[in-house]
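Okay, so here's the structure we're looking at.
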Amino acid sequence: MEGGNSPGLQLQQLPLATAAVSVQPHTDSFSYKENLIGALLAIFGHLVSSIALNLQKYSHIRLAGSKDPRAYFTTKTWWSGFLLLVLGELGVFSSYAFAPLSLIVPLSAVSVVASAIIGIIFIKEKWKPKEFLRRYVLSFVGCGLAVVGTYLLVTFGPNSHEKMTAENITRHLVSWPFLLYMLVEIIVFCLLLYFYKERNANYIVIILLLVALLGSMTVVTVKAVAGMILVSIQGTLQLDSPIFYIMLVCMIATAIYQATFLAQASQLYDSAQISSIGYILSTTAAISAGATFYLDFMGEDVLHICMFALGCLIAFLGVFLITRNRKKPVPFEPYISMDAMPGMQNMHDKGIAVQPDLKASFSYGALENNDSMPEIYTPATLPIVQEQHGPKGVSAPPYRVLEHSKKE
């Protein structure tokens, strides 16, 4: 009797043991495979996007250096870059469906490393052999640190996986940790927006914090949309659920406003500062959102969390060194510097050349066509006259101002 009942007991206990094992994320080898697939898709997408952006930059440079009257969007090089950019963004988008959000977001450092290397090789940025180490040593050190940080992120990244069904997303959306996080984020966003719009606090940290807060919601919705599409492809339709379209609308809206604030920041600050500070703030906000909404670090041990944080810090330092060593472009100044004229008294206190106002009566130095301007805005002429000596040996002034009259 006991021997006959023991097989039945074993058969009844086997599903319970299997169910207990499937709950533990670290015992499922397939979850690590999903992490690897997502990380490879993200790295591939960022690499292709960097190549695409440099192709488009190369197209602009070729048109600017030639007499070709064509627009940039009519060239094959620009369209090749555009198609590669779409392919890269699709790769990054699909990576969110496989790996946790907190693992995919920091991998955007790959695009900064690729842009730094392609900018030297592909665009053929000029440099002298003697100045190579002095100018590019920080870039190569930053690339090495970014690669080390990426390796630590992939190795010790979170390993939590669940199917992105409508029920799971709705349950995460109404959970109290995410609601509390959203409340804090909305308050901080409104305060930053008030200081930015009403107090004219155009600091780079404030603008990029607005971008980071919007970006954290963008990546949360991107993972939800991508995950629900993957589940639908696997056989369980999720596209008929209202939560899918809510997430889709939020994804598009936050991405548009994020691009708007980025465009405003690019008009005020250098792209190198935007890249480094924006990467640090956006990655931190996105990881916080992923840990709150999707519970990415639930069940992770302290060692994995610490090593993951160390990988983020190393990647932050690498991106900072790469962007810090980037050469700042010198804008073209379409006017004559007053302090560059020999023998001319400087009209500024510190020798800083200032573009004259065309609405003033004196606009010396402006390289503007004033033929169509009214007579009152015509600049005064300063003809050079020969030096004449008086009877007492006193020299005459080297020039005299001829005023324009309305009769002329």
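Along the chain as shown, residues are numbered 1 onward.
Note: Cβ is positioned from N, Cα and C throughout, glycine not excepted.
Keep in mind that TrEMBL annotations are predicted by a computer and have not been checked by a curator.
Over in TrEMBL, the protein carries these features:
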type     : residues : note
REGION   : 388-408  : region 'Disordered'
TRANSMEM : 36-56    : transmembrane segment
TRANSMEM : 77-97    : transmembrane segment
TRANSMEM : 103-123  : transmembrane segment
TRANSMEM : 135-154  : transmembrane segment
TRANSMEM : 174-196  : transmembrane segment
TRANSMEM : 203-231  : transmembrane segment
TRANSMEM : 243-265  : transmembrane segment
TRANSMEM : 277-296  : transmembrane segment
TRANSMEM : 302-322  : transmembrane segment
Q.
With CB pairs under 8 Å as the measure, which of the listed stretches 103-123, 135-154, 174-196, 203-231, 277-296 comes out on top against the transmembrane segment (243-265)?
A. 203-231
Q) So which residues does the transmembrane segment (302-322) touch in its own chain, when a touch means Cβ under 8 Å and the partner is 6 or more beyond its ends? A) 102, 106, 109, 112-113, 116, 138-139, 141-153, 155-158, 275-276, 279-280, 283, 287
Q: State, in range form, which of 103-123, 135-154, 174-196 has the highest count of Cβ pairs under 8 Å to the transmembrane segment (277-296).
A: 103-123
Q) Do any residues of this chain, six or more beyond the ends of the transmembrane segment (103-123), have a C-beta under 8 angstroms from a C-beta of it, and if so which? A) 35, 38-39, 42-43, 46-47, 49-51, 53-54, 57-58, 61, 92, 95-96, 136, 139, 142-143, 146-147, 149-150, 153-154, 157-158, 219, 275, 279, 282-283, 286-287, 290, 296, 311-312, 315, 318-319, 322-323, 326
